[in-house]
Structure formats: structure tokens, C-alpha cells
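J.: Feature annotation from TrEMBL assigns NAD(+) binding site to 54-59, 79, 84, 132-136, 173-174, 207, 318-321, 388. Positions annotated as active site, nucleophile by TrEMBL: 318. What TrEMBL lists as domain 'UDP-glucose/GDP-mannose dehydrogenase C-terminal' is 374-498.
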């Protein structure tokens, strides 16, 4: 988010235009004099303030819960995006997450504050969380795989410039292994005598359940330097979480293990999804039922049932980005075989989306040209409005490539966001909005409907791409009556009762399930 120059600080928001902040020479040291005496070892009882740079999906909810659970700690969430901070200070928060509203309202204005005054709050803080974007590079060395650390480096330089007291700097963003070492060098060479300790505290939140995940985490991971000062910094952060997290769930490691664990965790979860999706293709070819296979496999206590639901593919801001980053790190460390192994997880995910589109086109007489296809669900999963890397983008683009007319309904995603996603280049979604078209070009073949019934009226087929609960209880008889015939349902999330829909008259394709005779007679070509 933050990029300094030799003459001024240049703050770059992931959402808005460049603005200019006065140079650090203008810092009023008298205002901050009371902080200048703080030094390591830093104890929780002495902590004046926590500041988080970045008011997005991670920073906002995490800091809100810390404020709720630690009433003795002042928490400031800073971002240079004025509209984003304005939203955090309003009744309409900038992100949708069940339970988040209530947490923010309980703490906001008491010990939780949202501000655009980045330098002030960083300068006053004892612990600074950095939760800025680490997007995939779109050009230069490592383009398409490596993480772009521009915003992290800029944040580190700004912290060094404005600090007048010792600080703990916490990596909250997902970063490549050894990032902490680079950040340490930046801080050390610009420290002006200030001491910094770097910690890695990766987040393991799942969108849609983030607040529950924060209240009752499987684990909190803190990595630090294995030095007396490092151990002291780890303890200071551990004492924050210990106010509500059982001690046996707070894990401490060295810096590099913590950084790698985040990438490894997302890679393992994505691998499970790609594994069951690979099986879904084989199930369709043999007449097996992927739900039965995954249920039986998940009963093995060594495997477990989670992340074994077949679908049109995984999405979200982390899985693909983190695996590509892992691939790049493996290649840079001379491990091409390991890199190739993790590449396959991405390849299967892309294959699943392509296979789904091919099934739609082949089933509908090998063309969807000028046919209306209703897309129910655009977010990458239910209970979130997040569309980052959602499979719906690739499915819609595939159908548009065959000149389909698409009508989209999602209860949480706006028309502007849908149009933006469908006109954006790959990986651009994770870069600042000033690098993206401010007014997305409207895709004329795409319309956005206000409910599922409007979206499906006169449609030839329906694609279910998000597992919103409301899609399970729609009046499908009413929908069938208002559709073109034959009427198709392509269930990319296995959310509907296929047999009930077949009795109504639909031709139904459910991923990984035995195929209708119609689908067998019109095989999809890979």
C-alpha cells in the first residue's frame, strides 16, 4: 500500500488513487514523547496500542475480535482508502461476514478505531500488524507465479520512517518464506536507532466463518527469531491471544516455519479439493457417485471428511495465489519435481472448470450461441460477497466464448463487481484499483437479475455455481414452467436433489454423479 520516494511518502491504496503524505521530517516528536521510552522486553501490561495496516478481509475482522477480547488494548485499523475507512465507520461495512457487524459495533469508538491517518497510528503503536496485499506479479521476474512484495516493502519503509519507539512488526499477510529477513534488512538499515522485532502470525480464516474461526481458532501460529529479543516479542503477542485462546492452541515456531506453514496449509487444502474433483471425472465415466466415494473415504480417521466435496473448482483469494507462490519458491530453490507436483493441483482445478463448460455446451446440442443461461451464484462460496478467483468467472467467460447470453443472480454480489470481474485480466483483481478500469466495460451478453426467478425466466439452462442455501429451496416447478424446453440444470456444487428435478422434467448434470441418458448420448469433449 505504501511506497516512499526520496522527497515524500507516496501511499498507494489497493482500492483508490495515489495520495501524498507530508514527509516524515514533519513528525511532531513532542506528541509522541511518551512512547519513546518503550523498549524490549515489551510486556503486555505496558502495551499502549496495536495498529494494523490494511483494512481488508483479514485486517478488519482480526482486529475487531482482538479489540473485543482485549478491552485493555487500544486497536487502530488504518488504510488510505477513504471510502473503505468511511464504510468501516458506518452501518454498512465494506465486507460481508456473518457476525462481523455485531463485533464491530460493540467495540468501535471504545477501543477499536478505523482511520486514514496511517502515520500517526503506526508511530504511536507498540505492535504493528501488516496486512497489505501480496498479489501475484503480472510482469517481470516471476510473473504469473511470484508474490509481488511492493506493498509490503513500502509499508516497512514507512514504519521505519515514522517510528520513534521500539516496535514489534507482525507479518499478517501471506508472504513467501524468508520475507521477514528482507523486511528486517529494510527496517535495520532505516532504523535511526529504533529496534524492531519481526514476527510471522499468518491467518487461517475461512471466509463465511471468519468470526467463528477467530473466536475459536484451531491454532494461532507465531513465528519469531530464536533470540532473547525474539522470544520476548513472541511472548508479547502470545499474551494478546492468550486472553481468549487456550494456551495449547498457541503454537510458536521459528520465522521460516511460520511463513511456510501458511503456504503449506492452503496447498494441502487445495490439493484435497483437486483430488476429489479428479475423482469426480472418473465417477462420471464409470457410473460411480462421487458423494458416496468421498463420504466413505472421509470415514477413514486418517483422512477425515473435510474438503472432500466435489465442485466446479476452488476459488478465493488464497489457494491459487499461494500455490503459484509455492511453485515459484520451489523452482528458485532448485526443486523442479516438487514445483511440478504442486502445479498439478492448479491444473486439475482449471481442468474441472473447463470440463464443466464443455459439458454445458455439448449437452445443449453442441452450442449455446444466443441461448440464455442463468447463472445462480457468483461468489466463490456461500456466506461471502467475495468473488476473487471465483470459478464463476471462468465458467461465464467460457460460455461467453460460445456466444451465450448470461443472466446472473447472487444475493451478495453487485452488478458492478460482476462486470468488473468479467472484464479484468487474470491476477489484476489483487492489484490496486487505480491500476484497473474504474468503470468496467459492460459485457453486453451479461445481465444481472434481482432474484433467481428473474434470472431463469426464458432460460435454456441453469448453472448453479455457489452453494447458497436459498438455491436448495427454490420453487423449481415454477422455474421449469418459465424456461425454454428442454430445460437443463448444471449443478456445479451438488446442492439440489437431482432426482426431484428430473421428475419435474429437467435434464440434470451433477458433478461426479451418474449421468442422465441424455448426457451419455451427448458426451462432452475435453
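Sequential numbering from 1, following the chain as shown.
Here the Cβ of each residue, glycine as well, is placed from N, Cα and C on the backbone.
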J.: Can you count helix, strand and coil residues in the domain 'UDP-glucose/GDP-mannose dehydrogenase C-terminal' (374-498) using DSSP?
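T.: Taking each residue of the domain 'UDP-glucose/GDP-mannose dehydrogenase C-terminal' (374-498) in turn, the totals are 42 helix, 19 strand, 64 coil.
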J.: Tally every other Cβ atom lying within 10 Å of the Cβ atom of residue 320 (NAD(+) binding site).
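T.: I get 23 for this one.
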J.: Taking only the residues in the domain 'UDP-glucose/GDP-mannose dehydrogenase C-terminal' (374-498), give me the average pLDDT of this model.
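T.: Across the residues of the domain 'UDP-glucose/GDP-mannose dehydrogenase C-terminal' (374-498) the model's pLDDT averages 89 on the 0 to 100 scale.
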J.: Looking only at C-alpha atoms, tell me how far residue 136 (NAD(+) binding site) is from the residue listed as 'active site, nucleophile', rounded to the nearest Å.
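T.: Cα of residue 136 (NAD(+) binding site) to Cα of the residue listed as 'active site, nucleophile' measures 10 Å after rounding.
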J.: Relative to the Cβ position of residue 79 (NAD(+) binding site), how many further Cβ atoms are located within 10 Å?
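T.: There are 29 such Cβ atoms around residue 79 (NAD(+) binding site).
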J.: Can you tell me how many other Cβ atoms are located within 10 Å of the Cβ belonging to residue 54 (NAD(+) binding site)?
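T.: Looking across every protein chain shown, the total is 27.
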J.: How many Å separate the Cα atoms of residue 79 (NAD(+) binding site) and the residue listed as 'active site, nucleophile'?
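T.: Rounded to a whole number, the Cα-Cα distance is 21 Å.
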